[in-house]
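Enquirer: Here it is, the structure, as structure tokens.
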């Protein structure tokens, strides 16, 4: 869907990104807003240190330790 280049401070959207709905309140569904937020946390100019991808699935994300959750991009997407 997307990828971030932290050193360049850029997020690139793949064509499939534009097929997602803009916003969903269902945490099991991907949407443009949560996907973009997820990618933004990988950019060192926005969030430092940049996050990593540890877990994506809600049940697994909420089970992360506090330290791991702070380093996990999807944690911020779910929190928002």
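Just so it is clear, glycine is given a Cβ too, placed from its N, Cα and C backbone atoms.
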Enquirer: Which residue of 26, 53 does TrEMBL report at the same Zn(2+) site as 38, 42?
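Expert: Answer, per TrEMBL (Zn(2+) site with 38, 42), from 26, 53: 53.
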Enquirer: Looking only at C-alpha atoms, tell me how far residue 53 (Zn(2+) binding site) is from residue 39 (active site), rounded to the nearest Å.
Expert: 10
Enquirer: Would you list the other residues of this chain near Zn(2+) - those whose C-beta lies within 8 angstroms of the C-beta centroid of 38, 42, 53 - in sequence order?
Expert: 4, 39, 41, 51, 52, 73, 74
